[in-house]
Amino acid sequence: MEITLFDPIDAHLHVRENALLKAVLEYSSEPFSAAVIMPNLSKPLIDTPITLEYEEEILKNSSNFKPLMSLYFNDGLTLEELQRAKNKGIKFLKLYPKGMTTNAQNGTSDLLGEKTLEVLENAQKLGFILCVHAEQAGFCLDKEFLCHSVLETFALSFPKLKIIIEHLSDWRSIALIEKHDNLYATLTLHHISMTLDDLLGGSLDPHCFCKPLIKTKKDQERLLSLALKAHPKISFGSDSAPHFISKKHSANIPAGIFSAPILLPALCELFEKHNALENLQAFISDNAKKIYALDNLPSKKAHLSKKPFIVPTHTLCLNEKIAILRGGETLSWNLQEIA
């Protein structure tokens, strides 16, 4: 059995910086045509010059790959700065509630504050797409749900602003997407295939720790259903986020799952298992092209076949290991060729 996926798109990707970027970027830039690049670096991408500098670093270390750059939402994003960004081809804003995830200490503390709403108004005028890490302070399994009132306010106040709920993790968010025309979402491999049991049902597995948390069986099944039918308001976004094993095995474990090396084979395996391979093309590419109005992307054909693929346990960067999701396991699909 074989399948060819055309122009795969990752609508949510972390490729880090410097040596780590060089170590992990190829896992995404080779099989994917494009990816929405997250701006929460150690020095966040708060303006156009910094963002373009980072884009150049990505382009220098890849080929036939389009990084879709995003700005880190902040009060300094004036109308003039947003116009400057748009003129340079930047079309995404990423809003992080303060302290909710990695490098979100510079995030937005008042989500409905006057300055936040002013930036959103200007973003709507200029046709930006708003990507939201949709969590608010509260019980860990309810953080996404607790953000619903903010998302509804955004959707109603800015009806022409396209809003993406990043890495959807709570089944209760599905109704929100179906209620508002301008609300969309991305789904990760881990949220549609894993539950809290994978994280802490046996021994604690730090390599399955992410934000938002993988949740209950009900959440996983409902989200998987969206993916399997390639719901038109949903696109694939891996949220692949590498960390060194030395940090993952520390007393202060960073959130993030490095899934990039297995994405296409694992998705083929999952969709085939549920007799939905015919919908994978829409989930992995077609929906994103429509939602984000993407064109003139690098052409890619990812050829996969149903042959065993033993997942490496890790990759290396500066003699440090980075654990790969499902490392040591054998997947039933293998990425054979990229053309």
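The backbone N, Cα and C atoms fix where each Cβ goes, and this holds for glycine too.
As the structure is a computational prediction, the values presented were derived from the model and not from experiment.
According to Swiss-Prot, the Zn(2+) 1 binding site annotation covers His12, His14, Lys94, Asp239, on the basis of sequence analysis. His12 (Zn(2+) 1 binding site) falls within a strand when secondary structure is assigned with DSSP. Counting only same-chain residues six or more apart in sequence, the Cβ atoms lying under 8 angstroms from the Cβ of His12 (Zn(2+) 1 binding site) belong to Ala35, Val36, Met38, Cys131, Glu166, His167, Thr186, Thr188, Gly237, Ser238, Asp239.
Residues or ranges marked as substrate binding site by Swiss-Prot on the basis of sequence analysis: His14, Val15, Arg16, Asn40, His133, His243, Ala255.
Annotation source Swiss-Prot lists Zn(2+) 2 binding site at Lys94, His133, His167. Sequence-distant neighbours of Lys94 (Zn(2+) 1 binding site) (same chain, 6+ apart, CB under 8 A from its CB) are Met38, Pro39, Asn40, Ser70, Leu71, Tyr72, Phe73, Cys131, Val132, His133, Glu166. In the three-state DSSP reading, Lys94 (Zn(2+) 1 binding site) counts as strand.
Here Swiss-Prot flags Lys94 as N6-carboxylysine, drawing on sequence analysis.
Around Asp239 (Zn(2+) 1 binding site), taking its Cβ as the centre, 27 other Cβ atoms fall within 10 Å, counting all chains. The active site feature in Swiss-Prot is assigned to Asp239; the stated evidence is sequence analysis.
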Checklist entry - Which one of these binding-site residues, Val15, Ala255, has the sparsest Cβ neighbourhood, judged by other Cβ atoms within 10 angstroms? => result Ala255
Checklist entry - So how many other Cβ atoms are close to His133 (substrate binding site), meaning within 10 Å of its Cβ? => result 27
Next on the checklist: Rounded to a whole angstrom, what is the C-alpha distance between His14 (Zn(2+) 1 binding site) and His243 (substrate binding site)?
Outcome noted: 11
